[in-house]
Amino acid sequence: MQETNSGGAAALVPHGPLSVSDRLAKKALRHFKERLIELLLLGAAFVSVLTTVGIIWVLVSESVNFFGTVSIWSFLTDTMWTPLFAEPRYGILPLLAGTLTTSAVALIVAIPLGTTIAIYLSEFARPTVRELVKPFLELLGGIPTIVYGYFALMVVIPMLQLLMPELSGFNMLGAGIVMGIAIIPYVSSLAEDAMRAVPMSMREGSYAMGATRLQTAFRVVFPAALSGILSAYILGISRAVGETMIVAVAAGMQPNFTVNPLEPAQTISAYIVQVALGDLPHGSIGYQSIFAAGLSLMLMTLALNLVGHVVRRRYREAY
Amino acid sequence: MKAEDIPLIRKIIRRNKRLELLFAVAGLVALLIGVLTFVALFAQMAFAGWERITPEFFTNFPSRRAAQAGILSAWVGSLLVMLVTAVSAVPLGVASGIYLEEYAPKNLLTDIIEINVTNLAGVPSIVYGLLALGVFVYTFGFGQSILSAGLTLGLLILPVVIVATRESIRSIPLHIREAAYGLGATRWQVTRDHIVPYSLPGIMTGVIIGMSRAIGETAPIITIGALTFIAFLPESPVGPEFPWVNFEWLTSGFTVMPIQMFNWTSRPEEAFQQNAAAAGFILVLMTLAMNAVSIWIRYHVRKDIKW
């Protein structure tokens, strides 16, 4: 559309500084340059697709080698994860139990607190309070997770030990609580965005019927924003499942087939870190095992993403 | 309305007001838990690490003796890794964002790229570490180097930069583009002379947020096999002779701030915990400073734009 003017201009000014053929040549060059730039930009955008392809390729190809030695059945059902023993056993269940337990503790902290903060900021707080608090929450979400891990180990677990003297120095409860605090900002900011997107007219209708702010928040705004709030929760869950450093520092590094949060245990991600810290040779079964663990983790987050997609479709309220 | 209803109605109103107050208090308490955690975390590290934060702490290599150990190799490593991350993620991310907003036709390929960017944002960071271990370290043969680490973090923050670029571009009104096209500008001229400059504050915010996330990332860098004990510095990127730059530092072994902190945290001795606190304090200060800059840009630079 943007090249159409050059032909007409050439006809109007026959003896301009450039002849018609020069102008056409310039136009072809310009057209070529535009196409080239578009291709370059497309190439840049395609890097993200290549990243995904790379992740899948690496995880699957190394896992295939791994499952050549260890059967999938024993990987999924064996209750022992002892890769460093003389007779190694690779059952993912203990790591899975650790991952799910720490995530559950984190969600018990993050979902109620995150939702309360979101409702408070979106429906109750004055704009000045909101403007003041939101950057603070963002900062909370921006703190490196290794710092949270240190905090869990040095502050939260000793505090828990005051309440429960027999608690071990590494446990899933302390790690889970801190992880929950770390994911509050993700939950609260997405949930708040969803609630703020609910049209004002719906609140006004509710107020006009005599409802209080609390009733409006819980019976009108919350249900209307449900799809967004649920996707905030799902993002929180997938953060918790993939979180690494907090559990690596504070939950202990021993695979332990238990769902008791008072015990130490290892998560899938913490196992990967533990192996990477050691010096396993490239191509060994231990090296391959972290890719099988990573594949399990990836499949879990992928499943969560899919659930999130379905939830968004299903509970979407259109105005 | 009957007269005897009035006390009843008043009772209901009182109860509702009480409930409302109760929830407002609950909201404040929930906020306070967040804010207090932040304060406690910061204060604890400052308090525990205060004695260790001396000039020598920044100029000493890590050591077996906690009192002499410092973060020289860690902060230099972090700086160089961040350099590679910025150089790789910013052009790629901005170009992708521009493509998706200004160029992309509505077709299957565009849909695939868009869904893919959304999904990548949800991939756990440790999985990026595995990708880097398999691809950068072994397949491309970059080894356990600054180059591998920087590219890994670059891929990790790519979705952040893309999303920020797109949102920023989307907020530019259509009439700006129409005016430029109306004067005969090509698509690239519109993009280069109007879209990119106007969306720059938003892009900068996204880039800084992404970088502040990258500087604290520990898991993917451990996964590619960064060493935890480094008592040397990489080759200087700036040399005394022509051409004044060299790229040997890219292939050097390295450590970064969060790994140094992790290393000290996992030691049982009290003295090393002190070092961990000091390193953590500095790390948090770095991320805070970056976040503060991005918040400042958002609230001040953006406000000045009136369409």
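Note: Cβ is positioned from N, Cα and C throughout, glycine not excepted.
Whatever TrEMBL says is automated annotation, not expert-curated.
Lifted from TrEMBL, the feature list:
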- B:21-47: transmembrane segment (TRANSMEM)
- B:67-100: transmembrane segment (TRANSMEM)
- B:75-294: domain 'ABC transmembrane type-1' (DOMAIN)
- B:120-140: transmembrane segment (TRANSMEM)
- B:146-165: transmembrane segment (TRANSMEM)
- B:214-233: transmembrane segment (TRANSMEM)
- B:276-297: transmembrane segment (TRANSMEM)
Original post:
Considering only Cβ pairs under 8 Å, which range in B:67-100, B:120-140, B:146-165, B:276-297 makes the most contacts with the transmembrane segment (B:21-47)?
Top reply: B:276-297
Subject >> Stretch among B:120-140, B:146-165, B:214-233, B:276-297 sharing the most Cβ pairs under 8 Å with the transmembrane segment (B:67-100) >> reply: B:146-165
Subject >> Remote residues contacting the transmembrane segment (B:146-165) - C-beta distance under 8 A, at least 6 residues beyond either end >> reply: 77, 80-90, 92-94, 96-98, 100-101, 117-118, 120-121, 125, 128-129, 131-132, 136-137, 199, 202-203, 205-207, 209-211, 213-214, 217, 220-221, 224, 226, 234, 249-252, 254, 256
Subject >> Same-chain residue ranges lying at least 6 outside the transmembrane segment (B:276-297) that approach it to Cβ under 8 Å >> reply: 41-42, 44-50, 52-53, 57, 71, 74-75, 201, 204-205, 208-209, 211-212, 215-216, 257-258, 260-261, 264-265
